[in-house]
């Protein structure tokens, strides 16, 4: 066959202006014969660039796309200061193996706007066969810039790349990922570039249009479905606008860190002030009369005689007023107390028809099925044994935290290293419009904003430790068995809650090192545990003897986390998963409700058929056979409302199948916690109990801060449920100090809200420190 060869020599003088000259070569051929393409080779002083027409791109499943029009920018040659300006010589060789003549068009032009300027928008058009790239030089006073790229149309899918000043420039779909950093893009992209990463203090910004849209979440064009080997000449052009703006200065980093630490140190200062005011306002006496009581709750309370109950006679709980002489006799007769480790408490002597048979009162199953239960009925065990039981929560969560956090930290360091080495910014789902790098970290602001969880978690541990020390001192001052006043002080769950809050900050920071589909559970695992521990603590307050053990509780949390992982993997399109999960959810709610209502216990994991048989018998006996009033009306109301809420969640999940399954599970936990807390406060007020100023302030602060936090939480800035390009459409600029975005504000406010929530649980029953336990109702 014949060979057609043409060679052109082109000479361009360097511009006398400081801008860098660039040359663009446009070629067009009417031939669609793929067997005999026209080959173009451009030879320059420092490199060779070649391509063919038709230019062929390969897509998914080996689909091919050809283009007869190709336009490429040649790598510019900048004159050195040592040499005088001279001409730039370019040779263009055209060749083909076709046995017939082929017409082509060649056009070489100089680019007038090749160098991008700071804070100045530039509009242009690109296509798969006509990529574009431009030069940017750092100004003298700028160390970091943000490249903002926007487009009115989401498709065609495009790629934005930042490459060093090296020839050749990789500006085609199959090689754009070979050098520099890059992002896929639909309507918006943003890349932060630092001066220190480019020794020459300049770089190329490359724009490539992909031949297909599946990488950006789009579908393959319907016209080529099922045609694997057929070629298509698709016209895919996209209008783009690029603006390069200076990023923040180093002083803003310092201000943001001062703001973060000083803001939460103010909580420490406030706690010290409250503790000091409480200390000077409380009459602390180390020497008390015989028979007096010293309780360390919200403070130290002394009394030289038994204190009457706050629950009036005739209340809905059927309180029976016991004679004060009986109480005095119990306090003044320590020789009648049982030995250490006994399962009963001498302060509990219920007057009933069974006084001649005390062994009946010792049967816990009979005591816990009484119509009206009081705290003394459910705090009969030795407090030292019960305290040790609850301290297991603390030691277990520390063990879990260590074994969980170490692999997590190692994994996210690996993720960050891969991002830095490969330059692939589609791996991590940042808010790129507000992602401020520091060292090897790509989004330091998202990590710094989690400092609140760690600082407030540690502060909560200090507050609990202070209460624990005061309580121990009170116990040392008087015989432990005479102190049957107030809520039993067991701090193990509080310590576990403080550790969980600190670990939530650690793991949330780890997740935000590189947020993506693979490590989402790092950010949510301890959220489930915090919600579960709060419910357990709220229940333990008036059920200290029958709360769940640490082992069964943490095992249940492990099951929840496993379901969350399965839901993210299978919950998007698999109906069978939602059917199974909804059944598990409903059955678990019924089993737990039956255990709480009928047996008066809270044991996780005992879901056997006997519970459901007993539930059916109760419904049949109370509601069908006799149509009587339920035996435990208050518990029945709570459990009916709770089951309605949980069944509604199950039906909603089954019908709508939400994509964010992790947040769906967390919503179930939070709604149940809020429901139980509201029920607890309502029943507390109904029982004529009081809310002291500190818990009242904490309740109001919790509600206000949670409302503000949730507002910022729902300002979605990214989503790993979508493609990276689609996620970037949600990116927004910083809103606080030019450093923090909406999600960072959520971190700040949620840390404060969780801290106030913990204080509510810690101080809610401080008003009962002077009330006998056999006068405190159980609900």
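A Cβ is built for glycine as well, from the same backbone N, Cα and C atoms used for every other residue.
A TrEMBL annotation is a machine prediction, not a hand-curated record.
Copied over from TrEMBL, here are the features:
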- 256-280: transmembrane segment (TRANSMEM)
- 304-314: compositional bias 'Polar residues' (COMPBIAS)
- 304-356: region 'Disordered' (REGION)
- 323-333: compositional bias 'Low complexity' (COMPBIAS)
- 346-356: compositional bias 'Acidic residues' (COMPBIAS)
- 393-413: transmembrane segment (TRANSMEM)
- 447-465: transmembrane segment (TRANSMEM)
- 493-514: transmembrane segment (TRANSMEM)
- 520-539: transmembrane segment (TRANSMEM)
- 551-570: transmembrane segment (TRANSMEM)
- 576-598: transmembrane segment (TRANSMEM)
- 636-655: transmembrane segment (TRANSMEM)
- 661-682: transmembrane segment (TRANSMEM)
- 694-714: transmembrane segment (TRANSMEM)
- 745-764: transmembrane segment (TRANSMEM)
Next on the checklist: Is it the case that the transmembrane segment (661-682) and the transmembrane segment (520-539) touch, counting contact as three or more CB pairs under 8 Å in which the residues of each pair are 6 or more positions apart?
Outcome noted: yes
Checklist entry - Under 8 Å, at least three CB pairs between the transmembrane segment (447-465) and the transmembrane segment (493-514) (pairs 6 or more apart)? => result yes
Next on the checklist: Pairs 6 or more apart in sequence, C-beta under 8 angstroms, 3 or more of them: is that satisfied by the transmembrane segment (520-539) and the transmembrane segment (393-413)?
Outcome noted: yes
Checklist outcome for this item: The answer for the transmembrane segment (493-514), taking Cβ pairs under 8 Å and residues 6+ beyond its ends, is 390-391, 393-394, 396-398, 401, 404-405, 408-409, 412-413, 415-416, 419, 427-428, 441-443, 446-447, 450-454, 456-458, 460-461, 464, 520, 522-523, 525-527, 529-530, 533-534, 536-537, 540, 747, 751, 754-755, 758, 761-762
